[in-house]
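The structure appears below as structure tokens.
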Amino acid sequence: MDALEVKQFGFTYAGAGEPALEGLDLNLGTGELALLCGPAGCGKTTLLRCLKQEISPVGERTGAISLHATHIGYVAQSPENQLVMDTVRHELAFGLENLGLLPQVIRRRMAETVNFFGIGPWLGKKVNELSGGQKQILNLAAVTAMQPELLLLDEPTAQLDPIAAGEFLQAVEKIRRELGITVLMSEHRLEEILSGADRVIWMEKGVIKMQGRPGEWAAWMEKQPLPMRGILPAPARIWGRLSETGDSETTCPLSVAQGRIWAAEKANRNKTFACRRPDSAGGISGRDSEARGTVLKAGTVWFRYGRQEDFVLREASLEIFRGEIHVVLGGNGSGKTTFLNLLAGVRKPQRGKIRIQEGLRPAMLTQNPKAMLTADSVQEELEELSERFGYGEKEVDDMLERFRLRDVSGRHPYDLSGGEQQKTALAKLLLLRPDLLLMDEPTKGLDVFAKRELKTVLEELRREGKTVLMVTHDLEFAAEVADRCSMLADGEIVCTDQGKEFFASNLFYTTQTNRMMRGFADRCVVPEDVAYE
Amino acid sequence: MKKNCFSAYHPAVVFLYFAGAAGLCMCSLHPYYVLVSYLCGAVLLGISCGLRRVFRQVLATLAVVAVTAAVNGLTGGLGLTVLFYLGGTPVTWESVFYGLCSGGMLAAVLQWFACYQRIMTGDKFLELFGRGFPTVSMMLSMVFRYIPDMLGKGREIRAAQKALTGGKSGGKREQMKEGVRLASVLMNWSMENSMETADSMQAREYGKGPRSRYIHERMSRGDYRAALILAALLIVSAFGVFGKASEFVFYPFLGGMEAGICFLPVYGLYLLIPALLEGKELIWWMRLR
Amino acid sequence: MNKILNCLEPVILLAVPAVLILCTVMGTEYTAVLTLFVAALSMVPFFLRFERRKPRAREMMPPVILAAVAAAGRVLFAAFPSVKPVTAIVIIGGCCFGRQSGFLTGALAALASNLFFGQGPWTPWQMYSWGVTGYLAGLLSDRGMLERTWQMLGFGFCAALLYGWIMDTWYIAGFVSPFTWTGALAAYGAGLPFSLLHGLATTGFLALTTGPWKKKIRRIQSKYGI
């Protein structure tokens, strides 16, 4: 029996002219794991919410949805905002209390859930002591404890770092595998989950364009124009570039492991891979950038948050040259954000010196753009500092044009999408005409399209001669934009290298392409690098 | 931070103890009772928060005692032992002494509340009062969750603003404006986020049917025993406070100092129970060694 | 039932200061504990009424958020020790979300911030005073009496003074004996600077926030239908 049947479903928001969803046909078998993908604003969230009656939006529906599930679990994007109670224990109990279960039954269910997810050690904690990834797993656990037959997940990993996202997706797979719960998940981070999924549903502008097995979908997707194609994991994109007539669609590799098998097969058939690196457009080579002079120099910086605390940064040194895009990579808790805050002058290091070239103005884009948005509309937001920093209407207008924000200029910043919020924050920042731009995790929560736009903006800035320093753990994005990369680990800068070189000389901490092609064509870093000899 | 072994008891027991301690304290102005209450409170505070905290508390409460004594002295009162004249009004020893006692009592009450704060933590309080007021206590729990969240966001916003404008902090006036703006942003941001929280509550079927309550701590046999002992001691002490110690009078002369003295040991025992439990535990661990 | 409760609520709230004054003037024994008990008890009907209403999830959030902002504000304004934005925030809450939410905002703000920053016998009094402040703000704005800015500011100043008056009166009732006007004046005099400062801070805060906050809250109200 199917867990979910959607027939010719359409939905129009109250007060909106255009339908948000149109003519959707969808069946989900029991125990299936289906991925819902598509560009931002294609109606993924609307569809998921329409399936969950308690939070379904107000508007007009057509067609039919039949659900063969008594309980439906729903997990949304933000780890923090979904938490209700102040302790982990009560958070887990919250849903069970709502079901009206007896206290002893709740105890038992909670004990089971805690064991299933392995979250016993957190049980006595306050929720705000947990990391983002832990919070999201707690949300999943709290929903799973209520015994749903269908789980709806709305971009659950968008706000998480790669490690936490991986852990979360593993937990989802475990639920599917061991409990046989049907899962429908919208997601744009596909590297880890795609090979484990049963089906991919691709939506565009409220319509299902394609649905099929992951391999079929990836092969179809590979024929789409570039910004869309970017959503595919690197192995599938390499396959798409190099597959020949005779390669059937089912062989499309979806993970690094599958990719290596495919590459080995090709190698057996006397194909030799090579690294063809197109000249990085506008990029700067090593000696060039040094010649342009140093913009910022941090020398053996030590920092800790309190007298009793451990040092977060120990002997961190970094030199940034004019006009380059410099990316600092590092895992969670390596001190990236702290380092950036020091460079931006928000905090002062206890030891060491940070020297910024005379007369240079730095500005920082925070991880969460909402922290920078304080006005009631995009227009006001951009005008806010006009007096203090001496810019006028014309500059604001140009900025709205440049970031394509004119259509939303009257809206409240909180009503914008994550990508638009970030563009607004960036526009606000650029109005101050900074020479050195510091960015904290700029790709967090962005989908491929927004990332693509960000990349374009970064390249423009480079052309204008601005310097950009970015900290991130998004390796694939870093590989695409960086002129130079540094790795921050254990409070110090461990190494600094030319952008692509950096990834080519790392073993684990590198892009999928590099991991997949290791031994076949070692120096490849992005899918575009890979070619036949 | 040490875990107090009295705090392992059921919240109802802990609450009973503190309600009794603070309640009796507020009802007795007899100097010996005030003194006993103050000293026992200091012992408990020392056990749960360390000596340094006691020292700070004592310093702070001395001010309270001084102010109350001064205010009472000014009332002139009905005392007959005139100490001196202040602008024509007599300041009498009895009224000053009354001030000392009531100030001491207030100081002791403050101390009991400090202990209460330490032992009866927010989640214990919710556990106990969630029974009568499930919705309100759930809201309180949400407030607890949002406060640290907001403090974190506040820091984030401050950092963002500082990085945006180059970190020039103006005078007090500018700071004040900045603070108000920060509060506005926090309110708006959190209110917006809270709507997602509300959705998450709905998605977990909040408000669909009758709700049950998960109880983390249950009254065990030991809890009942402790409650019984506490109640017995409390009743005897209450008899001392209301029946005997109230015979003590301030005006016109201090009198009845010896009233209710025989109940003082029971009163002290009641107040020292957490300390005794702690001592017992200490001996247990010492023997193990 | 609701009508009766609507009439009863102000009576219950008024009973507290009445008992307080009565106890002070009559010089009753055990005043401190008695009045404290009355104040705590007076809030029970309000909480129970809110429980019985079974509010929707979205209706529960505004008092929670405002109370949390108010409590967090005590830390954010740490540079200005006597400036506590609580009174002002509670007034805005009552104004925008009605008297019940206003009362709850005040009571929750007091309880939560005390659980966070230090309990004392003042806890029930703060809960009561701020609760009443929110309740009155809701009541007055229902009658359209808080439309203008000066009305808001005036109300804010009075509410702050009321708050101080209640605290001082409890102090006099419980810890000064016998009651004389000189003593009372001395005690009120000692408290007056704080009350005035509190009043000024509240007015100042209201002057800066009333407009923008109301606008922000209205936007959220219309967006989410609360």
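Positions of Cβ are set from backbone N, Cα and C atoms, glycine also.
Long-range neighbours of the transmembrane segment (C:7-27) within the same chain, counting only residues 6 or more positions beyond its ends whose Cβ lies under 8 Å from a Cβ of the stretch, are 34-35, 38-39, 42, 45-46, 99, 128, 132, 135, 139, 166, 169-170, 172-173, 177-179. Taken from TrEMBL, the feature transmembrane segment covers C:7-27 (among others).
Summarising the annotation, TrEMBL assigns transmembrane segment to C:33-50 (among others). Packing against the transmembrane segment (C:33-50) from elsewhere in the chain are residues 5, 8-9, 12-13, 15-16, 19-20, 23, 100, 103-104, 107, 121, 124-125, 127-128, 131, 135, 170, 173-174: each is 6 or more residues past its ends and has a CB under 8 Å from a CB in it.
The transmembrane segment annotation in TrEMBL covers C:62-80 (among others).
Annotation source TrEMBL lists transmembrane segment at C:153-173 (among others).
When Cβ-Cβ distances below 8 Å are used as the criterion, the transmembrane segment (C:185-209) is approached by residues 80, 82-85, 87-88, 91-92, 149, 152-153, 156-161, 163-165, 167-168, 171-172, 176 of the same chain, each at least six residues removed from its ends. Here TrEMBL flags C:185-209 (among others) as transmembrane segment.
Under 8 Å from some Cβ of the transmembrane segment (C:153-173) lie the Cβ atoms of residues 17, 20-21, 23-24, 31-32, 35-36, 87-88, 91, 122, 125-126, 128-130, 132-133, 136-137, 140, 146, 179, 183-184, 187-188, 191-192, 194-196, 198-203, 205-207, all in the same chain and six or more residues away from its ends.
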